[in-house]
Every structure is written in structure tokens, then in C-alpha cells.
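Colleague: These came from Swiss-Prot, pasted as-is:
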type	residues	note
COILED	595-645	coiled coil
COMPBIAS	15-25	compositional bias 'Acidic residues'
DOMAIN	57-141	domain 'RRM'
REGION	1-37	region 'Disordered'
REPEAT	207-246	repeat 'WD 1'
REPEAT	293-331	repeat 'WD 2'
REPEAT	334-369	repeat 'WD 3'
REPEAT	442-484	repeat 'WD 4'
REPEAT	530-575	repeat 'WD 5'
């Protein structure tokens with residue numbers, strides 16, 4: 001027993017010896033910490049509660065009527081109806097005097113602070129009647145105005161920053177297009193290279209390491225490129241892609257530019273939902289913010305073609321905001337019970353939306369003119385399961401793809417709905433004709449894809465079974481029903497990509513990586529059928545001269561890169577790039593030439609052919625000369641390296657002879673070599689003869 005205790009004691013002493021004295025984590029005397037809390041814990045401090053938390057959603061309404069208790073309920077109903085247009089009201093307090101008479105002001109608490117701010121903007125100085133005009137303020141404004149210093153200090157003068165030319169990329173006399181290539185070099189670290197597509201080989205303009213965390217995106221006119229980072233996003237531009245503006249929105253997942261590049265919308269998650277912020281690109285100022293319950297169709301904003309309006313869909317309504325104030329159009333939403341989707345015309349301030357079937361009332365597609373809110377065309381539809389709105393790029397036509405059913409099956413509680421006997425209609429709206437006539441095309445097969453010709457009057461569809469589908473081309477003309485002009489049968493394709501200039505189309509199977517180039521003006525012949533295994537993207541350049549197919553590392557990890565083709569499908573460049581992420585052509589702004597001037601140039605184009613061909617020959621000759629000079633320089637460099645190594649090899653001969661037993665192995669004759677032939681059995685075959 002004593003022996004056991006002594007063993008335990010020795011074991012405890014050994015364990016105690018393993019634990020040394022704890023280190024001292026205190027700062028040494030005279031230590032000065034140069035790192036502020038904001039730099040060290042900026043992301044956490046941004047979420048700490050402020051003193052105003054809890055009252056920032058409260059508004060104070062002054063100059064309301066002073067009424068007796070008998071009339072108080074009526075006053076409450078009037079004011080609540082007015083203020084509830086801007087959000088959900090949680091609580092209302094009407095202070096009263098000893099006699100029960102209101103004191104002429106009230107406190108209202110909204111569910112969200114943004115709703116309170118909206119109510120202040122819209123209802124401050126609102127005239128209730130000839131004797132009462134509201135004075136509406138945020139509750140937090142009282143403390144803000146109390147802390148205003150009595151002595152005014154002039155603002156500091158900021159130095160003027162000279163900005164580079166943002167449109168230098170269109171000043172190239174030969175109008176070569178630019179593109180960017182992104183490749184991931186490390187987790188959350190993407191390298192981006194910018195290139196100019198010159199002949200005979202593209203020219204590298206700029207390469208940026210660690211340029212973005214995920215991917216990049218061009219603005220609609222090609223002026224800016226946006227990068228994504230943990231604190232927010234940044235836009236770059238100019239000749240060397242300098243930083244133009246940054247927008248602090250942590251965790252931004254997606255951005256969207258307005259068509260004229262005046263505004264930027266950022267979408268990023270928050271602990272309470274999805275935060276959406278609209279920014280002014282030139283000033284970097286936040287114009288408006290929203291909180292949504294997640295990334296859904298309801299949270300997406302859609303812009304008018306001229307940046308004058310931005311709209312989003314709400315529950316049974318459309319919210320249209322005017323720029324630059326971002327107030328609701330006419331200070332109220334457009335109530336549309338049963339709305340399921342909407343889309344702006346790409347060239348006019350016209351909104352198309354569709355409404356689902358309700359209580360034996362048919363579904364409806366409506367065209368509404370903004371800002372007048374005037375309905376210019378309606379189309380009733382029956383037995384509708386879903387609709388998709390497809391505008392032609394020129395705004396000449398609108399196609400509504402209608403998924404229709406023959407029979408509807410519901411369960412007892414109407415929770416599960418099944419559509420049986422599906423077929424499809426294409427409702428074509430002729431936007432440029434009087435009273436906007438509508439034509440209909442019915443297809444009894446499954447529709448896999450739809451695409452308008454950007455410039456022209458044709459559209460194409462993929463229909464049938466997935467593995468053996470058909471591609472049909474229709475032509476739309478004035479006064480006649482859309483006609484089928486060509487059907488290509490048994491085509492294994494999943495997507496359709498029209499050239500931005502029309503005429504040529506790529507039928508792609510992005511599952512197998514096969515492509516077919518079709519000329520729609522030459523009896524729809526297939527000019528080429530290349531393949532690019534595992535290709536996941538197709539990009540036309542803005543002029544319609546080149547097509548790029550890419551295999552992204554987002555899809556696979558091996559053999560990533562991109563191929564470049566002519567518009568007829570001839571391969572001109574293959575690039576294998578490790579961890580390739582994306583390829584994007586730089587968009588071009590619209591031409592400044594009038595339609596008459598463009599027609600004149602096209603008419604006299606033959607006059608310019610000789611000059612263009614001569615310039616191309618000179619460029620190719622110059623390029624060939626430069627290539628020969630480059631090869632000659634490489635050969636000279638190699639021969640210099642080779643001669644240097646031969647000299648080193650000769651200097652080491654004595655050392656080699658000594659190490660090899662005084663045998664000069666550099667000049668061995670074949671007679672001194674013994675050759676031995678060895679045979680061994682590889683396999684044995686037995687053949688039976690009858």
C-alpha cells in the first residue's frame with residue numbers, strides 16, 4: 001500500500017514538472033500600442049449597438065389636431081391610414097392633457113428604421129387640412145440638433161484628383177476589342193489580365209495579381225470593371241485601370257449597373273436578411289437601401305433604359321422609384337393583385353407584367369406606359385401555369401412564353417397543384433405598330449430554350465426531348481402571322497447564342513461541349529461544328545466577329561482554359577490556363593453616328609476595302625518581321641547559353657576522367673563495348689487447328 005502511494009506521488013511530481021510557470025502576457029513598461037480598435041476589430045465594432053438603437057424607428061409628428069376623447073378614434077384612423085403607407089406601425093402614442101384632449105403631437109414606431117426615414121421624407125410638411133400641416137422628424141434628430149456646436153467651422157478643402165480618361169479604350173484608331181481573363185491563383189485570390197485582341201496575336205495591356213476575391217464584371221458600356229472584396233466592391237477604369245470608386249458593403253455577392261452607368265446596386269447578406277444598397281457611381285454616395293428576406297425575384301431591381309426609373313416587385317404591387325431622389329413615383333406603389341413578374345422595355349419607358357389566374361379570372365399580360373401609368377395593351381390568357389417575358393434587344397417585339405395546361409389537379413387543401421397536359425404558346429407583341437397587335441404561335445412540345453435575334457425580326461427555339469431536340473427558326477413580319485422558316489432536326493443542344501449583330505447563331509450543348517455555327521441568311525447552313533469538352537460558357541465579342549468558349553474551374557479542375565473562333569466557327573486560338581475562372585469581352589458604348597450616316601457608310605463600304613486590306617497586309621508583314629526578329633534573338637540567346645555550357649563541360653574533363661577510373665568516357669569507341677542480347681518470354685498463345 002505504501003509502495004502504491006509512493007508511485008502515485010512520484011507520478012504527480014512528474015506531471016507537475018510538465019507544467020511550467022504561465023507566461024506573462026502584460027505589455028512591457030513604456031509600450032505604445034499603434035493599432036487602434038477600429039483597425040483590429042473593425043468588422044465587429046461596426047455591429048456594436050449604438051446609443052440610438054431602439055428609437056431610430058420612432059418618428060415624432062407635430063401639428064396634429066387637438067381633439068377631445070370623443071373624436072380621438074377618428075383622428076387615429078385618419079393618421080394611421082396615412083402613415084401606414086410607408087411601413088408597418090408597431091406602436092402609436094397620442095399624449096393627452098388632464099382633460100383627455102390631445103396635445104397636438106404623436107409618437108409612431110415603425111418596424112424598421114428605413115420605414116421611419118421614408119415616412120419623414122414623404123410626410124414632412126404634409127398638409128392635412130387648411131389649419132394643420134405636419135412637421136415630421138425622427139426621434140433621434142432631437143439629440144443630433146442638441147449637439148450642434150455653437151461655433152461654426154468651415155469644411156476642409158479637399159484636393160482635386162485628376163481623373164484619367166475613362167473612354168480611352170474607344171480611341172484606338174483600329175477599334176480593336178478588349179477582353180479580360182481571370183484565373184484563381186489561391187483561395188479568394190484571383191488574377192485578372194486585360195488584353196487587346198490585335199492581329200496576329202493579342203496584346204497584353206495589364207495584369208493584376210490579387211485583383212478580386214471571386215470574379216469581375218464589366219459595366220454595360222465598358223467604362224468600369226467591378227471587383228469583389230470582403231469589405232465591399234470597387235470599380236476601376238482608365239488607361240491603366242486605376243481605382244475610381246469604392247463602395248463599402250461587406251459580403252457583397254452580386255452587383256448590377258444601371259444601363260447608363262449612373263448607379264450601382266449591391267446585394268449582400270446581413271444577420272437579419274439580404275441588404276440591398278443603391279449607390280451613385282460618380283460620388284460614391286449611398287442613395288437608398290433596402291432589406292429583403294433573401295435573394296429572390298422580389299428583391300431584384302430592374303432599371304429603365306434611361307436610368308430615370310428603377311422598379312422592384314412587391315406583394316401584389318410594383319414599386320417604381322424616380323431618380324435621383326429615389327422617391328416612389330407619385331409617392332405610392334402601383335397595386336396589381338396577383339402580379340407574378342415584370343420587365344422593362346430595353347428602349348422605351350414601358351413595363352410589361354403578367355398576372356396569374358384568380359377566382360375564375362383569366363391571367364393577363366399588360367403593357368404600362370411610365371410615368372403616366374397608362375395601360376396601352378392587355379392580353380387575357382387562359383389555363384396558364386407560368387409566363388416568361390422576352391424583349392427583343394431593339395425593343396421592336398415582346399415575346400411572352402406561356403406555359404399552359406389542359407387539366408389542373410389539386411389536393412383537398414389546395415396545397416399541392418399539378419399541371420397535366422402541358423403545351424406552350426408564344427404571344428408576340430408588335431411594339432412599333434398601331435394598337436400593338438399580338439400574334440400567337442403554339443408548340444405542343446417541351447420548350448428548352450428561346451432567343452431573339454438582337455438586330456432583326458427572327459427568333460429561335462429549342463423544343464422536344466432533351467437528348468434529341470429540334471431547333472426551329474421563326475420570322476416575324478408586319479401584318480402576317482409569324483412563319484416557320486427553318487427547322488433543324490435531331491440537334492443535341494441546350495443553349496442558343498445569337499451574334500450581337502444578328503445573322504449568325506451558335507447552337508451549344510454546354511453539357512457535352514459541342515457547338516454548331518449557323519448562318520441564318522444562307523439557308524441556315526451549319527458552317528462549322530467544333531467541340532470544346534466540358535465548356536461551360538460562350539461569349540460573343542461586341543462586334544460579332546469572334547466567339548469564345550471557356551472551361552471554368554468553377555465546373556471542373558482539369559484542362560481549364562478557353563478557345564477563340566471566328567463567327568463562322570474557325571478556330572484561331574487555344575489557351576490552356578490553370579484555374580481559369582472567366583472570360584469577358586469589354587462592352588462597347590453605342591455609336592454616335594446617326595442612322596443616316598451608318599447607312600451611307602454601309603452603302604460606300606467598298607471604297608474602304610482597299611485601304612483596309614493594305615493596312616492588314618502591312619500589319620501582317622510587320623508582325624512577320626517582328627516574329628522573325630524575335631525568333632532570331634531567341635536562337636542567339638540559346639546558342640550563347642549552349643556554348644557557355646560546352647565550355648564548362650570541357651573544363652571539367654580532367655575531373656570526369658579521375659572520377660571514372662582514369663577512363664575517358666567522352667571518346668569511347670564502339671569496339672570497346674560488349675553487346676549482350678537477352679531474350680525472355682512475353683506471352684504464350686495457343687491456337688487450335690480443326
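Even glycines carry a Cβ here, placed using N, Cα and C.
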Colleague: If we skip the immediate neighbours and take only residues 6+ beyond the ends of the repeat 'WD 2' (293-331), which ones have a Cβ under 8 Å from one of its Cβ atoms?
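Modeller: Residues packing against the repeat 'WD 2' (293-331) from afar: 121-122, 253-254, 256, 258-260, 262-263, 265, 267, 273-274, 276, 278, 280, 287, 337-339, 341-349, 351, 353, 370-371, 373.
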Colleague: What parts of the chain pack near the repeat 'WD 4' (442-484), using Cβ distances under 8 Å and only residues at least 6 beyond its ends?
Modeller: 388, 390-394, 396-397, 399, 401, 422-426, 428, 430, 433, 490-503, 505, 507, 520, 524
Colleague: Using DSSP, tally how many residues of the repeat 'WD 5' (530-575) sit in helix, strand and coil.
Modeller: 0 helix, 22 strand, 24 coil
Colleague: Just give the helix, strand and coil counts over the repeat 'WD 2' (293-331), going by DSSP.
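Modeller: Secondary-structure composition of the repeat 'WD 2' (293-331): 6 helix, 15 strand, 18 coil.
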Colleague: Report the mean pLDDT of the predicted model across the domain 'RRM' (57-141), rounded to a whole number.
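Modeller: Averaging the confidence scores along the domain 'RRM' (57-141) gives 88.
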Colleague: What does DSSP give as the helix, strand and coil breakdown of the repeat 'WD 4' (442-484)?
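Modeller: Secondary-structure breakdown of the repeat 'WD 4' (442-484): 0 helix, 24 strand, 19 coil.
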